[in-house]
There are 4 protein chains.
Amino acid sequence: MCGIVGVVSKSPVNQFIYDSLLLLQHRGQDAAGIATTDGQSFYMHKGNGMVRDVFRTRNMRDLPGTVGIGQVRYPTAGSSSAAQAQPFYVNAPYGIVLAHNGNLTNWEQLKDEMFRVDRRHINTTSDSEVLLNVLAHELQESSRDGLSVASLFQAVGKVHGRLRGSYAIVSIISGFGLLAFRDPNGIRPLCIGRFDGPNGTEWMVASESVALEGMGFAFERDVKPGEAIFISNDGKLTSQQCSAVSSMHPCIFELVYLARPDSVLDGVPVYDARLRMGDYLAEKISREIVNYKDIDVVMPIPDSSRPAAMQVAKRLGLNYREGFFKNRYVGRTFIMPGQAMRKKSVRQKLNAMRVEFKDKNVLIVDDSIVRGTTSQEIVQMARDAGARKVIFASAAPPVKFPNVYGIDMPTRSELVAHDRSDEEVARIIGADELIYQDVEDMKAAVRDINPALSDFDASCFDGHYITGDVTPEYLNRLEQQRKAPKAPVVESGEGDENEPRGVQLGL
Amino acid sequence: MCGIVGVVSKSPVNQFIYDSLLLLQHRGQDAAGIATTDGQSFYMHKGNGMVRDVFRTRNMRDLPGTVGIGQVRYPTAGSSSAAQAQPFYVNAPYGIVLAHNGNLTNWEQLKDEMFRVDRRHINTTSDSEVLLNVLAHELQESSRDGLSVASLFQAVGKVHGRLRGSYAIVSIISGFGLLAFRDPNGIRPLCIGRFDGPNGTEWMVASESVALEGMGFAFERDVKPGEAIFISNDGKLTSQQCSAVSSMHPCIFELVYLARPDSVLDGVPVYDARLRMGDYLAEKISREIVNYKDIDVVMPIPDSSRPAAMQVAKRLGLNYREGFFKNRYVGRTFIMPGQAMRKKSVRQKLNAMRVEFKDKNVLIVDDSIVRGTTSQEIVQMARDAGARKVIFASAAPPVKFPNVYGIDMPTRSELVAHDRSDEEVARIIGADELIYQDVEDMKAAVRDINPALSDFDASCFDGHYITGDVTPEYLNRLEQQRKAPKAPVVESGEGDENEPRGVQLGL
Amino acid sequence: MCGIVGVVSKSPVNQFIYDSLLLLQHRGQDAAGIATTDGQSFYMHKGNGMVRDVFRTRNMRDLPGTVGIGQVRYPTAGSSSAAQAQPFYVNAPYGIVLAHNGNLTNWEQLKDEMFRVDRRHINTTSDSEVLLNVLAHELQESSRDGLSVASLFQAVGKVHGRLRGSYAIVSIISGFGLLAFRDPNGIRPLCIGRFDGPNGTEWMVASESVALEGMGFAFERDVKPGEAIFISNDGKLTSQQCSAVSSMHPCIFELVYLARPDSVLDGVPVYDARLRMGDYLAEKISREIVNYKDIDVVMPIPDSSRPAAMQVAKRLGLNYREGFFKNRYVGRTFIMPGQAMRKKSVRQKLNAMRVEFKDKNVLIVDDSIVRGTTSQEIVQMARDAGARKVIFASAAPPVKFPNVYGIDMPTRSELVAHDRSDEEVARIIGADELIYQDVEDMKAAVRDINPALSDFDASCFDGHYITGDVTPEYLNRLEQQRKAPKAPVVESGEGDENEPRGVQLGL
Amino acid sequence: MCGIVGVVSKSPVNQFIYDSLLLLQHRGQDAAGIATTDGQSFYMHKGNGMVRDVFRTRNMRDLPGTVGIGQVRYPTAGSSSAAQAQPFYVNAPYGIVLAHNGNLTNWEQLKDEMFRVDRRHINTTSDSEVLLNVLAHELQESSRDGLSVASLFQAVGKVHGRLRGSYAIVSIISGFGLLAFRDPNGIRPLCIGRFDGPNGTEWMVASESVALEGMGFAFERDVKPGEAIFISNDGKLTSQQCSAVSSMHPCIFELVYLARPDSVLDGVPVYDARLRMGDYLAEKISREIVNYKDIDVVMPIPDSSRPAAMQVAKRLGLNYREGFFKNRYVGRTFIMPGQAMRKKSVRQKLNAMRVEFKDKNVLIVDDSIVRGTTSQEIVQMARDAGARKVIFASAAPPVKFPNVYGIDMPTRSELVAHDRSDEEVARIIGADELIYQDVEDMKAAVRDINPALSDFDASCFDGHYITGDVTPEYLNRLEQQRKAPKAPVVESGEGDENEPRGVQLGL
């Protein structure tokens, strides 16, 4: 998962995009990048690390211009190489920079086509570089008689025809303006903000509405599935549906876990959705746990499961308490020559307040269970703190399948719920009882808030992949590629290789 | 306020102290430092910034040895210069490194004495450097016939006689061992942990118990007011009360706000104290607000007021909801030549979930109110989000006086509650009603948990300064010195001057 | 002027190219860059500064592959922006990286053509980026039926037809091999080296033969004017004359000043050429200075005029002495806020040994005189050291015209010899007498060594521009563009902006 | 060997000392440091590397004040640890910073005494830190009744009594002034410069006169052996002979090799001394080499042997030519995982101009021969370039003994001339004939220029150690300590560990 932002302003945008990326930082902490243009040239800086570490004063100085895009990146399933920070750039036709949130499921075929047919070299294994080149190629074709908004939208239409997977896109065509579009299933979110300033209207597109509001822009609307938006360098916005077929299938994992609670995605306030999921979860608990009234306390795992846990407590008339404290200060483990490595205690990250657990029946609510290892540690901590009984509830249904649309998930064999019953999972994580949200309840919770949303991408829960091309063979191949995962940088320890490194556009 | 840690281990301590400092990072984010010894030489690295930014692989490699101390620093009232990261070092007698949490109220007189009598040069305006030199001087005197534990403790006794203010200290005497002590009023916390490992007993002292537990050490006990602890390089612990007069006056602000909720300070679990303060606050609310049953929802300001707010809600039988969301990703504002500076919206840091405020009577609980500006913004945000009525409650009493014992506080004129009635403050922050905790209730809340604690340093609430030397003239002088505060580094923007800079001990 | 190198090896080339660039560092100290390929992807790192400052261990690690190119850059007349380090990259067709030594005189027209006709965006004001795009365009055209060596050479032929100016080029076509070529006038040097190693033949091209020899490669031959060389990734070399018209006009300034004395360029050992110029200069001195026998001592300005000075002394039977000492350690002048800037004494760079000047008639031999300011200071230093009489001789003729073929020269009005007689120049620099080499003698000196060289680019001496397009209007425009020269970085002093900054290829 | 500088100015000295250190950079390239004072506090920055690499803008900004000292360091025999950059600081008494050029032969005994008697901790293995503490101790004693110039000089007298070895010292006593002194044998050079500026007289002391002149100061005089100089913060200079016994024994290796040719040391222009050594060497050649007239050409090894070689040529009436070219651009060898290391060709550093060697009898003159390995390579290069016969002459006598007075020299077994005849050395380096300067001729050469210099430290040539304490046992111990030399940093290659690292004084 990633966060993207684009802006057409009346004043310099470097600090503006930097601040926007901080508002989207929760969507990706692996890399960050900004590209700007003064109408003539592009300027770019990107690097591995968090926003605050990638950009220094001199980098910001080298990002002039009133139009720009930015991205924060989380490693996606298909490409996780550290060198592939976004945005990407191609110089023909016209000069285009682009940032992408999502994942293409057919990027390897496209890469091959690109080289054979269009002789375009893709230098990395990033699907986003492929995507940019497909767009560049189609724009080259569609603009043979001159570059126009119509030719842009025509190119986006062709792009929709060739891409499979998920993509929300911001890009700049040099000397022209900002182009944004969203895949025909609307899997990844993208919304438009507007600011009517003293020098005219300014526009912004971003992955989440918090970025708009945090920057003082008013939420205008969501980009529709398959739709393209063009904002000229002087601030005129045009839009068009560019896909013959389109239907809304937003990623439900955004609402469960990824997005900020204070965002509104496709008409759904995330916070409200999580509360509503709490309601359904409470219902199920009351149905399935006979003596649920004996639960002394309901507890969230900070920070994401708070709304659901609060609502569960309220619905069931139980006590809500915060018994876990999260340490927010994270450091590194250094490899010292000839020195044994001290095992990091889980307690450096999470700690249990004894008074809330001692001799109590505890209901722990987490947003979801993926590998199960963290849940297991949490259950153990509760017991160590004196809990008499530990019931574990997941606000999301069992995660049984990989996500191929831009969220980094382990392979099926690593998913604790894959091919296991709830009881088996309960035993593995050590809980006395385990309650999962039902898939249909989760969807109903969202529909209760926005009835217009009839369907979702919920593939990691229900195994249904909307793009139709995700076969068992595809998943097998994906898992093969993940087999030799590169050693986590934190353990390489040679020199300061894992310190942030910037890349300034030399083109 | 600062956090300090010291350890006498059987294996290298660089990573150990680094991890400990992360557990104390909430106590100071301005600077960090580590000093270690291999029994022969000292090794030190310190710098401005957070722990994760100050230490790189090469710095860690240059910190060998099995004995060491560390510090994280928050600017204190008396000395805020950026160049004065701790620990400090003097080479005579014996070689001593020292880290200090607290603030000396008579450091200027001591500095003068140091130079006149002992011809010791103090290179900075840090009271901690003065303190180290007083210790060095007294140790020089007391160890004329040879260095011994007795001479150490004798020196600490003399030090107690000369210092005024607050101090919790960790220090290393070269080739000898680790010395820790606490001022005779016990204002700043300090506790001892123990680990019985395969190679013998290892000892650790730290500002808070979370640091012990997070590192796998068992909490042994608190250091007593006026007591000194010595742990020889080979792990033997000796202790002695070094002050003729001593009595426990722990800083109550630690319990209100500073310490981590999962710490236990002087027998008081911080979390429990905050819950109990919630009880007393609820009582007062029920007494003072006639229609408190009309409150629709009780809301904390994340993260520190959660326990109090939860308890208020529970006691009053009101709904507890988290309507504010805090953005944890913080960046910088860069000064760009010829570019106007965009005002940072508060919403980049805190955001209100509309659904929780809309048409509701809201009771916002914060831990305390200092300047009042943040409270004012929070009230406004609640109103913008649709709140019908906003009641504001502070889990701490009105802050009316400066803190001179190591917590950076504004001058009296900047304290919103100084010389103002509660009604006046309510008007300033824009709340419909305002409830403050009572001073006696706050103290009672702590005593309920640990009846042994008869008295406290609560000077910022009650104006009573336990060290007896804080006269109106003293406070006036202090406030004069603060008058020309240096521009916040975030706004200097020239080059990357405010980036972390390490200092490796060249001695 | 720049230095370029390319290599097709059997083992990793990162250190190899780094070492080669050190051997060419005298050709440019402004920026450095390396691009490598593993046959699939390109890897690149470049930045401002000297080779030793631009590359760090982590950068070198990120440059895998057995084929690569490198460049060191000196700011050229047409483009001096600091952000434009080489190599450059385009991804269509095929993926090409390129490094350039020289200067295009028609790059602005070409840039315009590129955009209008081929819709190629040129992001910088570097003529080398334009050149790369012209090559890319022509290769796209010539390889419509598939990429082959023939299509490459055909593209180079077309490129020759479009470019004006000077260019020696190394480039890599992704997955194919290394392409090198030289402009049809052979203005900038380029030579080929060969190494028959255990794993087969390895090839290298470089600006000067010292780079070949220093790396253990045997000098094979010079690249001919207009010729192109292709070396496939597996080491097969092919070459072809790609220009219908070509004739050798090597830049004579290389022999006078730029190249290393131990290089051999187009059959001329540079050292020998300088000795021979000394012979002709001696002849002229003996003709023009009646009492030349009264000269007590002949002195070079270290380091470049040594050969000529030695030979002048020998020819005239005079004493040769080194009276000037050069300080090789260069630092920066920092701007300190509110601090006056101390004027740098010339004596920090050059110093005169009193004993060699005191009461003597001194003949100082320099390689050339450009602005005259340094010569003036040198004459003054000689007088300060006690010289009775100072005769100044220039081993090169008067520099009267700008160089537009890749050597950064001041405008005509700044050239001390422009529109001035020798006597006027003598008066300005303060010499008692001044002797310049004659243009014809300079050329004859080179022809004596390699009679095959009939003509040269000697434009800065004789005003004859071989490419035919350098009109007075062109020169006027050039000089207008130079009018507002950017402040020398050494004096900007804000932060550490002028410290080396690397750029790793993120493409 | 090191270079030191101290200045008492009327304006800020940071840039001034920086520039001075560049003028002394040839004396040490391992580390650099500056300490300044504003009369109240010291400010310091030091680090490993060359001056240009150690100091950045922010470091310079943090060095305020009008009084300061600086040092460049070359690893000395007794202490080569990388962490020990100078200056050093102690805070009692008064606060003193100090920089040292030389080497103490009894520092280990002193270190022991320091701890036992004065309980002063020496944190490093640097003899300079010991020296500073001896000074501090003696000043503490001598100034019991108050700090005065008399007490300073008294302390220096005591210091002279305790130290053995060589030392030229600059130091600052906080709030008082600059103290400089030189050991009673005057082994290491130190001179005084004066500048009568608009705001009064400014004073400077430095290792070599070039530093004075380059900074626009007039040479005032040399510091005498055993003499101390004090310059108060307001510019008043006082001096006194502080040693009961003193006699001039300047290090003759300074004149042979170390010092810059444009310096004047103890009345001897270095350049003149080298010329005169050339005269004596020529005499010996004419005596010992029968057919010396058959020598075609005399050649120096750039840069240091030029004066001697020129003079040899002149005296013998032979041709002087520069056939070797030196590459001044030095880089690193990076260790790449899994990549073989390419052997660096000598030709990357030195290259022979074929035309000067081809079929000639060549007399190569070098300044000295230490290990013999470089000489061997040079002879081979001359033969490879076609020399018919290679005669090698050393302007210095055979180096047969270690230097213990501050010049880093290999152990006796590594000295090619130790226990070997001239013929044996000739065979080892591959020369047809080998001529060494005679020890007495070398001394006579210097005496010819300054007859006042009756004796020298020439210990590495004649084995006579003036301090009387250098026994065979001492030398054996020294050589034992050198046995396990740390791996050259250039080959460690892990991360960028060998990049310059600064240390800002945190005290």
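Note: Cβ is positioned from N, Cα and C throughout, glycine not excepted.
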Hey, TrEMBL has Mg(2+) bound by C:Asp366, C:Asp367. Any idea which of C:Ser304, C:Ser413, C:Ser421 it lists too?
C:Ser304
Apart from the site residues C:Ser304, C:Asp366, C:Asp367, the 8 Å Cβ neighbourhood of the Mg(2+) centroid comprises C:Val256, C:Tyr257, C:Pro300, C:Ile301, C:Ser305, C:Ala308, C:Val365, C:Ser368, C:Ser394, C:Ala395, C:Ala396
Would you mind giving the whole-number mean pLDDT across the domain 'Glutamine amidotransferase type-2' (C:2-234)?
94
Using a 10 Å radius on the Cβ of C:Asp366 (Mg(2+) binding site), the other Cβ atoms enclosed count 22
Using all protein chains in view, find how many other C-beta atoms are within 10 Å of the C-beta of C:Asp367 (Mg(2+) binding site).
24
What's the CA to CA span in angstrom from C:Ser304 (Mg(2+) binding site) over to C:Cys2 (active site, nucleophile)?
18
DSSP three-state assignment for C:Asp367 (Mg(2+) binding site):
coil
To the nearest whole angstrom, state the Cα distance for the pair C:Cys2 (active site, nucleophile) and C:Asp367 (Mg(2+) binding site).
20
Return the count of C-beta atoms lying within 10 angstroms of the C-beta of C:Cys2 (active site, nucleophile), excluding that atom itself.
26
Please work out the number of neighbouring Cβ atoms within 10 Å of the Cβ of C:Ser304 (Mg(2+) binding site), leaving out its own Cβ.
21
With DSSP assignments reduced to helix, strand and coil, which class does C:Cys2 (active site, nucleophile) get?
strand
What three-state secondary structure does DSSP assign to C:Ser304 (Mg(2+) binding site)?
coil
